[in-house]
Amino acid sequence: MTTSDPNPKPIVEDAQPEQITATEELAGLLENPTNLEGKLADAEEEIILEGEDTQASLNWSVIVPALVIVLATVVWGIGFKDSFTNFASSALSAVVDNLGWAFILFGTVFVFFIVVIAASKFGTIRLGRIDEAPEFRTVSWISMMFAAGMGIGLMFYGTTEPLTFYRNGVPGHDEHNVGVAMSTTMFHWTLHPWAIYAIVGLAIAYSTFRVGRKQLLSSAFVPLIGEKGAEGWLGKLIDILAIIATVFGTACSLGLGALQIGAGLSAANIIEDPSDWTIVGIVSVLTLAFIFSAISGVGKGIQYLSNANMVLAALLAIFVFVVGPTVSILNLLPGSIGNYLSNFFQMAGRTAMSADGTAGEWLGSWTIFYWAWWISWSPFVGMFLARISRGRSIREFILGVLLVPAGVSTVWFSIFGGTAIVFEQNGESIWGDGAAEEQLFGLLHALPGGQIMGIIAMILLGTFFITSADSASTVMGTMSQHGQLEANKWVTAAWGVATAAIGLTLLLSGGDNALSNLQNVTIVAATPFLFVVIGLMFALVKDLSNDVIYLEYREQQRFNARLARERRVHNEHRKRELAAKRRRERKASGAGKRR
């Protein structure tokens with residue numbers, strides 16, 4: 001294995017036929033800026049993607065430790081349920097008590113970091129060759145990233161979260177406050193999750209398609225730890241943590257989906273009281289479906305399913321909007337956005353010491369859980385975003401990833417959460433016994449034609465999970481094969497089975513507290529990866545700072561500054577010469593008059 005510069009330049013320029021200074025070269029480029037684009041486009045033809053040339057051999061040093069952890073979790077959770085559940089609860093308490101502040105702080109740091117990157121000169125850099133066109137159409141690109149990023153979460157929490165905050169209140173606020181309920185929900189589901197995904201996705205996309213490294217999370221750390229470090233034990237540890245976070249994050253989604261589909265079957269009177277075997281059956285069907293989708297390839301399976309998801313989700317949202325309290329939803333939407341913006345920093349600063357020290361338990365169940373869930377999803381969502389974003393500029397990537405899903409989430413929660421709150425205000429509560437997985441179907445069945453829409457909702461839950469798990473298993477296959485862009489289908493399928501095993505373990509070991517068990521284990525599994533995402537920020541900035549476009553931009557700025565100084569000096573000399581000339585003319589004129 002050959003070593004290379006830990007900060008490789010993404011573009012290699014040919015030697016110049018004659019020696020000229022950077023200032024002279026930039027002067028010529030300023031006179032004809034199209035020369036710069038042509039020069040960089042020619043040079044970028046030399047980019048070689050290591051991931052495309054790497055043999056599809058299995059990386060056992062990454063696979064074995066990850067599988068050992070998965071198998072140990074399954075054996076522990078199924079064979080010793082009480083011990084496993086107690087450990088998960090104790091570990092959660094330790095994380096929230098000692099590292100809750102880190103989740104809260106860096107969750108918001110990630111948002112500001114990615115916004116600054118988009119607004120900076122880095123935003124013009126393309127994720128690939130300078131003339132490379134995007135691989136997917138914009139509509140398909142948006143639908144794929146949204147379905148992979150949080151589709152099933154919107155289905156599960158879209159109704160129950162705003163209603164819960166409205167009924168029970170939020171630390172530091174009274175109950176029955178619509179503005180606080182909606183703004184807190186938006187805080188959890190708009191900018192913060194997608195900022196995390198954008199950081200991971202951008203780091204991988206730049207490293208892979210711009211610089212030409214392997215499509216591995218560890219490869220994005222080359223600017224910090226060097227090529228040897230990325231290929232050594234530290235790089236392997238990063239990839240192992242990425243796989244573990246992905247398995248548990250996806251398993252949490254599988255668990256939520258299975259619980260809610262079971263509730264839908266009960267609400268439709270298909271199965272009166274879903275048993276553990278019903279849940280096993282649901283998980284098995286979903287697992288087979290997403291494995292089939294994954295092995296069909298990203299260009300086919302995920303794209304088709306994602307487009308279908310968007311159609312079904314739009315149909316469901318339009319139904320609730322039209323048949324439900326339309327005017328109330330329209331009134332709620334701008335108010336929710338205003339409350340979110342005005343209370344952003346107050347919500348971002350909420351810690352265990354808030355509300356006279358009573359907010360800790362609430363944060364562990366909501367904000368910290370969400371931040372951990374997004375972080376656990378970030379390896380596979382980030383890598384998936386990278387795979388579908390080749391050819392787009394950094395600014396286009398960030399704006400698309402950050403704003404479009406955030407806007408859709410805002411509309412979704414306003415429709416479903418707003419409708420649930422209006423029902424509550426009118427004395428037609430859908431709260432039931434407080435089971436979160438039942439409330440979406442309670443809302444739908446309270447509307448005319450809701451029985452049919454309930455069936456569509458169950459189908460949508462399944463397809464949303466399939467797209468998410470499809471992305472996750474494909475990405476885990478890539479990480480298991482040295483960054484191979486097209487992972488072996490059987491490796492992909494194996495990780496799908498492992499994810500299903502973890503999901504069933506968390507559901508069955510939790511018993512009546514299955515949802516809490518899912519949340520607890522997700523937070524614990526995601527904690528190590530928080531520090532990986534923090535490190536990615538530094539690696540990304542160092543990588544971007546060595547991009548030739550940015551370096552040319554800095555050189556151009558220096559040239560412009562030197563040129564401006566020279567102009568000032570020249571103008572000053574010119575002023576002095578003119579002043580001296582006027583003095584001589586006045587002196588000569590005075591001498592002529594005396595004669």
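Cβ coordinates are placed from backbone N, Cα and C, and glycine is handled just like the others.
The shown structure was predicted, so the numbers you read here are calculated from the model rather than taken from an experiment.
What Swiss-Prot lists as topological domain 'Cytoplasmic' is 1-59 (among others), and the listing cites a curator's inference.
The feature transmembrane segment is assigned by Swiss-Prot to 60-80 (among others), with experimental evidence given as support.
The feature topological domain 'Periplasmic' is assigned by Swiss-Prot to 81-98 (among others), with a curator's inference given as support. If you look at the topological domain 'Periplasmic' (81-98), the same-chain residues 6 or more away from its ends with a CB under 8 A from one of its CBs are 73, 352, 360, 363-364, 368, 508-511, 513, 517, 519-521, 523-524, 527.
Long-range neighbours of the transmembrane segment (99-119) within the same chain, counting only residues 6 or more positions beyond its ends whose Cβ lies under 8 Å from a Cβ of the stretch, are 191-192, 195-196, 198-199, 202, 348-352, 360, 363-364, 367-368, 371-372, 394-395, 398-399, 402, 527, 530, 533-534, 537, 540, 544. Sequence annotations record features per position, and here Swiss-Prot assigns transmembrane segment to 99-119 (among others).
Residues annotated as topological domain 'Cytoplasmic' in Swiss-Prot, with a curator's inference given as evidence: 120-137 (among others).
Here Swiss-Prot flags 138-158 (among others) as transmembrane segment, drawing on experimental evidence.
The number of other CB atoms found within 10 A of the CB of Met310 (Na(+) 1 binding site), across every protein chain shown, is 19. Annotation comment: Swiss-Prot describes Ala147, Ser306, Met310 as Na(+) 1 binding site.
Summarising the annotation, Swiss-Prot assigns Na(+) 2 binding site to Ala148, Met150.
In the three-state DSSP assignment, the secondary structure recorded for Trp373 (glycine betaine binding site) is helix. Counting every protein chain shown, the Cβ of Trp373 (glycine betaine binding site) has 24 other Cβ atoms within 10 Å. The glycine betaine binding site annotation in Swiss-Prot covers Ile152, Gly153, Ser253, Trp373, Trp374, Ile375, Ser376, Trp377.
If you look up Swiss-Prot, you'll see 159-185 (among others) marked as topological domain 'Periplasmic', on the strength of a curator's inference. Within the same chain, residues 332, 335-336, 339-340, 343, 347, 350, 354-355, 358-359, 362-363, 413-414, 416-421, 424, 430-431, 436, 439-440, 442-443 sit at least 6 positions outside the topological domain 'Periplasmic' (159-185) and bring their C-beta atoms closer than 8 Å to a C-beta of that stretch.
What Swiss-Prot lists as transmembrane segment is 186-206 (among others), and the listing cites experimental evidence.
Here Swiss-Prot flags 207-236 (among others) as topological domain 'Cytoplasmic'.
Listed by sequence, the residues of this chain that lie at least six past the ends of the transmembrane segment (237-257) yet keep a Cβ under 8 A from its Cβ atoms are 59, 62, 65-66, 69-70, 152-153, 155-156, 216-218, 221, 282-283, 286-287, 373, 375-380, 437, 461-462, 464-465, 468-469, 472-473, 475-476, 479-480, 495, 498-500, 502-503, 505-507, 514-515, 518-519, 521-522, 525-526, 528-529, 532. Residues annotated as transmembrane segment in Swiss-Prot, with experimental evidence given as evidence: 237-257 (among others).
With a threshold of 8 Å between CB atoms, the same-chain residues lying at least 6 positions outside the topological domain 'Periplasmic' (258-276) that come near it are 155-156, 282-283, 286, 435, 437-438, 440-442, 445, 451, 454-455, 457-458, 461-462, 503, 507-508, 514-515. As annotated by Swiss-Prot, topological domain 'Periplasmic' applies to 258-276 (among others), with the evidence given as a curator's inference.
Annotation source Swiss-Prot lists transmembrane segment at 277-296 (among others).
As annotated by Swiss-Prot, transmembrane segment applies to 300-323 (among others), with the evidence given as experimental evidence. Outside the transmembrane segment (300-323), and at least 6 residues removed from its termini, the chain residues within Cβ reach (under 8 Å) are 136, 139-140, 143-144, 146-148, 151, 154, 292-294, 329, 411-412, 415-416, 419, 443-444, 447-449, 453, 456-457, 459-460, 463-464, 466-467, 470-471, 474.
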Ask   = If one measures from the C-alpha of Ser306 (Na(+) 1 binding site) to the C-alpha of Trp373 (glycine betaine binding site), what distance in angstrom results, rounded to a whole number?
value = 21
Ask   = Of the stretches 60-80, 186-206, 277-296, 366-386, 397-417, which racks up the most C-beta pairs under 8 Å with the transmembrane segment (452-476)?
value = 277-296
Ask   = Looking only at Trp374, Trp377, the binding-site residues on record, which one has the least crowded Cβ, with the fewest other Cβ atoms within 10 Å?
value = Trp374
Task = Summarise the model's confidence over the topological domain 'Cytoplasmic' (387-396) as a mean pLDDT value.
result = 91
Query = For glycine betaine, with binders Ile152, Gly153, Ser253, Trp373, Trp374, Ile375, Ser376, Trp377, what's the maximum Cα separation in whole Å?
reply = 16
